[in-house]
Amino acid sequence: MAQLGAVVAVASSFFCASLFSAVHKIEEGHIGVYYRGGALLTSTSGPGFHLMLPFITSYKSVQTTLQTDEVKNVPCGTSGGVMIYFDRIEVVNFLVPHAVYDIVKNYTADYDKALIFNKIHHELNQFCSVHTLQEVYIELFDQIDENLKLALQQDLTSMAPGLVIQAVRVTKPNIPEAIRRNYELMESEKTKLLIAAQKQKVVEKEAETERKKALIEAEKVAQVAEITYGQKVMEKETEKKISEIEDAAFLAREKAKADAECYTALKIAEANKLKLTPEYLQLMKYKAIASNSKIYFGKDIPNMFMDSAGGLGKQSEGLSDKLGFGLEDEPLETATKDN
């Protein structure tokens, strides 16, 4: 009875162990591949719990999401014979799920060692062998990442389709200490030179700013002077126009006044000519004699009152001449002398 219990216990233990080894779990972002007797099975499984034949079947979980493979301490010899070392090179890659079986079959589940690690060593040595230390360490260092990525992806496209390289990151290589100090000194001198150049640019910029400021001030003064000069010219032109208008008005007034006086004189002359009739002249003659306070007696006095046609005509002409020139108000003096 005791032996039967022992057998049952052993059988139960074996069954539990078999069941435990048969049940396995695949994480999210992974694909399970199976081996039976060392041979890779064509079946794969996705995330979750799965069963397999215990003891004779084994599995490996292959990651299909983004992963970073680190290649450390990669030696590299330059064309000048200087040996340098890259401390760490990071390769970001992912595996397409439907390509898992083919890649694991051809390169095992540790495909990254054959396809990535070895390729990194090869490409870096190829790159360093055709470039100098100056180019690798300074001039072309920023191109190493992209060159490695392109070279890896080009080979993987033909050798292992489905393995995609997303990025490659390369750290600064370690160089011999003496050379490193020389580079540091060179970088220090270059930095000083850049600082001096920047200071010179700042000084030139300040001088240019001052020059532009002075130019703006000069233009401002010139514009103000031009505006002031224009105002003065406009004032002078306005004064000139006002003077011309005043002169024209004065000339027009004087001309109108002269024309009026001339017209008045002409009208007075015409009126006087119309008044110089013989009767009017005779009347004026009598008035002049009557108003004269001095009368000289002689033999010619009686003739003064004679209505002689010849004498009256001459006297009328003389009187008309006097009256025509505004002398109608002068007293007429008559004097007779004894011969």
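Cβ coordinates are placed from backbone N, Cα and C, and glycine is handled just like the others.
As given in Swiss-Prot:
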| type | residues | note |
| --- | --- | --- |
| CARBOHYD | N106 | N-linked glycosylation site |
| MOD_RES | K267 | N6-acetyllysine |
| REGION | 177-309 | region 'Interaction with ERLIN1' |
| TOPO_DOM | 25-339 | topological domain 'Extracellular' |
Distance from N106 (N-linked glycosylation site) back to K267 (N6-acetyllysine), taken between C-alpha atoms, in Å:
143
Just to be sure I understand, if DSSP states are collapsed into helix, strand and coil, how many residues of the region 'Interaction with ERLIN1' (177-309) fall in each?
118 helix, 0 strand, 15 coil
Non-local Cβ contacts of N106 (N-linked glycosylation site) (under 8 Å, 6 or more apart, same chain)?
A160
Determine the Cβ neighbour count for K267 (N6-acetyllysine): the number of other Cβ atoms within 10 Å of its Cβ.
10
